[in-house]
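*Asks:* Below: one structure in structure tokens.
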Amino acid sequence: MSDSEIEERINPNILITGTPGTGKTTLSRLVAESTDLAYINVGDLVKERGLHQGFDQEFQSYILDDDKVVDELEDALSKGGNIVDFHSCEVFPERWFDLVLVLRTDNTLLYDRLENRGYSQKKITENIDCEIFQVILEEAKESYPLEIVVELPSNSWQDMESNASRIREWVKNWKERKNGR
Ligand SMILES: Nc1ncnc2c1ncn2[C@@H]1O[C@H](COP(=O)(O)OP(=O)(O)OP(=O)(O)O)[C@@H](O)[C@H]1O
Ligand SMILES: [Mg+2]
């Protein structure tokens with residue numbers, strides 16, 4: 001896609017990413033309810049539409065088919081106006097997003113959330129390590145321009161509320177800047 005096509009987007013695309021359990025789905029839904037952004041849960045789409053190359057028993061997760069994922073989302077993302085929820089971000093083209101948010105949660109809180117979900121010890125450890133080593137934050141910084149990557153704390157409901165209002169404000173400003181109103 002050329003730069004001129006990107007400029008035609010009149011609504012922004014936001015990616016909400018982070019380690020499993022950091023609150024991506026809760027926050028994305030909250031924002032989608034109070035803006036005109038459409039909510040896309042990529043993990044659900046991968047399962048429902050078979051955008052994978054099978055299930056990895058060892059890691060207990062689907063092996064993503066990157067091309068299928070990008071093809072599936074291309075039309076919606078080219079148009080703009082989406083809030084995309086996924087625990088990884090390197091698969092998506094850089095040109096899709098105007099803002100990339102990486103949710104962060106303290107280890108002990110994240111541990112409890114994952115345990116409450118009934119995750120195996122192996123899966124909990126894997127995800128806690130992912131959070132400690134800032135894997136998703138580094139991935140985001142490598143995949144997108146640094147100025148659009150923002151880390152947001154997601155430890156409490158107060159954080160959730162303030163993140164939602166920050167995003168709503170950002171969307172409003174983006175539209176005003178873009179559309180001159
Ligand atoms: N900021 C927060 N404060 C307190 N609890 C939270 C917060 N964010 C999420 N939670 C709780 O943590 C759990 C996980 O949240 P959620 O399902 O939104 O995470 P997720 O990032 O979408 O996870 P996954 O990647 O596995 O889909 C839920 O029970 C949710 O209520
Ligand atoms: Mg989720």
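Backbone N, Cα and C atoms are what each Cβ position is placed from, and that goes for glycine too.
Where the annotation comes from TrEMBL, it is an automatic prediction and has not been curated.
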*Asks:* Give the range, chosen from 72-82, 116-126, 171-181, that TrEMBL lists as region 'LID'.
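*Replies:* It is 116-126 that TrEMBL annotates as region 'LID'.
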*Asks:* Which of these ranges is annotated region 'NMPbind' in TrEMBL: 17-40, 41-64?
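*Replies:* That would be 41-64, per the region 'NMPbind' entry in TrEMBL.
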*Asks:* By a Cβ-Cβ criterion of under 8 Å, what residues six or more beyond either terminus of the region 'LID' (116-126) are in contact with it?
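*Replies:* Contacts with the region 'LID' (116-126): 21, 59-60.
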*Asks:* Filter the candidate list Gly21, Gly23, Thr26, Arg117 of binding-site residues, keeping only entries whose CB is under 6 Å from an atom of ligand 2.
*Replies:* none
*Asks:* Write out, in the order they occur in the sequence, the residues of the chain not among Gly21, Gly23, Lys24, Thr25, Thr26, Arg117 that have a C-beta within 8 Å of the mean position of the C-beta atoms of the recorded ATP site.
*Replies:* Pro20, Thr22, Leu27, Arg113
*Asks:* Within 10 Å of the Cβ of Gly21 (ATP binding site), how many other Cβ atoms can be counted across all chains shown?
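*Replies:* A count of 25.
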*Asks:* 10 Å Cβ neighbour count around Gly23 (ATP binding site)?
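*Replies:* Other Cβ atoms within 10 Å of Gly23 (ATP binding site): 24.
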